[in-house]
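Step one of this worksheet: look at the structure below.
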C-alpha cells in the first residue's frame, strides 16, 4: 500500500519572491507527502546545481519550469510503482538518472523536492511523524538554535562583510525556553537599534541590518541587547558568526570594507581570534574561503580546540569533500544544507560521516526559504543538537521554530535540550 502512484511538481515562490520547486508524492494508500526546496544567496562553488530556466522573460531568468518538467516526466516515470519506504533506493535511482556529480542534468532542486516528499509520504503512511520515521525510537535532542539577529554580507545592504551575527541560548533548560530567550533578545535589540537611530528593517533571514562601522560594534550591540533582555552574554547566550569568507576573498586576501583593511589568511585568522578573545563567540562558520585549505588549517590549529569551526561552502554537505576535510584535519563541524547535495540519503550520509569522526553537525536553512519545515524534523531525527534557521521574524523562519516546539511537546520526557553539550567536539 506504500507504492508510489503519482508524482507531481509545481513552481511556487520562496521567501524572496523567486521561483522554487514544490513536489507532491501520492501513495497507493491515498496518503500524500509534500515538500518545497530552499535556495541560497551565497553559494559554494561545489554545490549541486540548482536548475534555473534562464528565460529572461520570466522571473528574470530564475524560473524553474525545466526542473518541474524533469520531476513530472523522467523522475516520475522512473519512480512510480516503487515502495516509498525504499528511500535510499529511490534516491539512488535519481542519482543514476541524472548521471552527473552535481545533479547537473535533472537539477538538485528537482531531485531534492522528490526525495523529501517521498520521505514525508512514507512517514505519513507509517503513521509516524517525520522525525520518528527517519530517526527511530528512543530519546531525542532538541537542537540549540543559532539565531541570526544581525545580517551583513550578501544578506543585507550594509557595510558589514561578516554575513551573520547569531545568538545561541545555551543556558536554557528546554527548547521552548531557548526560543523565548532568543525572541526577548531580538526585541531588545530592536529597541536598542531604534534608540541609536539605526533602521530596523530586516535582511533575508529576518535579522536587523544596521549600517554599522565595524564587526565589533555589531557584537557589542548583541551584548547590550542580551543584558537589556535580562540575560548574560557568555553564560545564558553565546555568539556565533557566519563569515561567508568566500564572498570577500579576492586575489589571495580577505577584504573587509567595514574595517577598511585587507588580510592574508594568517592575519585573518588572528583577526577572528581577536574577536573570540573579546566576545563570547563559540562558533565560526566559513572562517576562510572554500578553496583556502591552508587558511582553514591555520584557523583550525589556532581556534579548533575552543571554537566550533563550521564548514559550509567548504564541505557543501558532500560526503566526499567532508572526508577530504577530515583527513586534512580542517574545521570541526559540518553545516548541513539539504539542497547543497540534492537528496535526503546523501544528506544523512554526510551527517553520519561527521558523527563518526567527532565533527558536529548543524542543520541549516537557506536565505531563500519556504514554509516547509522538513529541516526541523531532520535536526531532531539526526540528533545533531544544533539548528540554524534564521531570526525571530519572518514566517518562513518561524515555521521551523514552531515545528520544533510541537516536536518537543510530542516527545515530552523523551526530549532533552543539550545546551553547551551541543559542542561535544571541542577540547578533544
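Glycine residues also receive a Cβ, built from the backbone N, Cα and C atoms like all the rest.
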Same-site residue for (2R)-2-phosphoglycerate (record: Swiss-Prot; known: 163, 366, 367, 388; options: 190, 191, 337): 337
Swiss-Prot Mg(2+) site partner of 285, 312, selected from 242, 251, 292, 352: 242
Winner by Cβ contact number (other Cβ atoms within 10 Å) across the recorded positions 337, 366, 388: 388
Rounded distance in angstrom between the Cα atoms of residue 367 ((2R)-2-phosphoglycerate binding site) and residue 205 (active site, proton donor): 6
Site of maximum Cβ density within 10 Å, from binding-site residues 163, 367: 163
Nonlocal neighbours by CB distance (under 8 Å) for residue 285 (Mg(2+) binding site), same chain, sequence gap 6 or more: 164, 240, 241, 242, 243, 244, 310, 311, 312, 335, 362
Spatial neighbours of residue 337 (active site, proton acceptor), counting only the recorded positions 163, 205, 366 and Cα distances within 10 Å: 366
